[in-house]
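Novice: Following this message is one structure expressed as structure tokens.
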Amino acid sequence: MICGIDEVGRGCIFGPILSAAVVFKKKPSFIKELDDSKKLKKEKREYLSSLILKNSYYAFAEISNITIEKINIHNASLLAMQTAYENLKLNCSLVLVDGKFVPKITAKNVKAIIKGDSIIDEIKAASIIAKVKRDKLMDEYDKIYPLYLLKKNKGYPTKEHKNAIKKYGVLSLHRKNFKLI
């Protein structure tokens, strides 16, 4: 069994970092449609996410902005990937994570793959379901904090988001150790 893991929200200034772990039940028919979530249009991501969720074992992990502030974004990213794998509750023969660094995962064989979200199908799938889940979370936060345009910026430090912080202040879900805040 091969597990792919990726995280989203690393470059954000609002909300959690979110990670997903994916193991395909069998080789999916839509495998050629998979790509790095950042390269796909929203509609395609959501369509593929629904297919991935139906055809795989998966788990998520969220690391809060408070924890990010305590342990830094790098360690929070690794913790998110580790926790997503632990939440999967499967013993995989190979775990492939996107990036340069290997989280503390208790599998026999764990490898970090630079640009893995563009190369490895399981990581592509993890990238897609993680992004769709985090984007939906930002859409929900936008209903609570509409002045920050979270539905549009998804927590990233856009000009409009930074202007909203200047005008309305920092929220409890903002990552206060980022230089922009």
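From the backbone N, Cα and C atoms, a Cβ is placed for every residue, glycine too.
Quick paste from Swiss-Prot:
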- Asp6, Glu7, Asp98: divalent metal cation binding site (BINDING)
- 1-181: domain 'RNase H type-2' (DOMAIN)
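Describe the structural context of these features.
Specialist: Applying an 8 A CB threshold to same-chain residues 6+ apart, the list for Asp6 (divalent metal cation binding site) reads Ser19, Ala20, Ser37, Met81, Val97, Asp98, Gly116, Asp117, Ile123, Ala126, Ser127, Ala130.
Across the residues of the domain 'RNase H type-2' (1-181), the predicted structure has a mean pLDDT of 95.
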Novice: Tell me, if you would, which residue among Glu7, Asp98 (binding-site residues) has the fewest other CB atoms within 10 Å in the structure shown?
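Specialist: Fewest other Cβ atoms within 10 Å, among the binding-site residues Glu7, Asp98, is found for Asp98.
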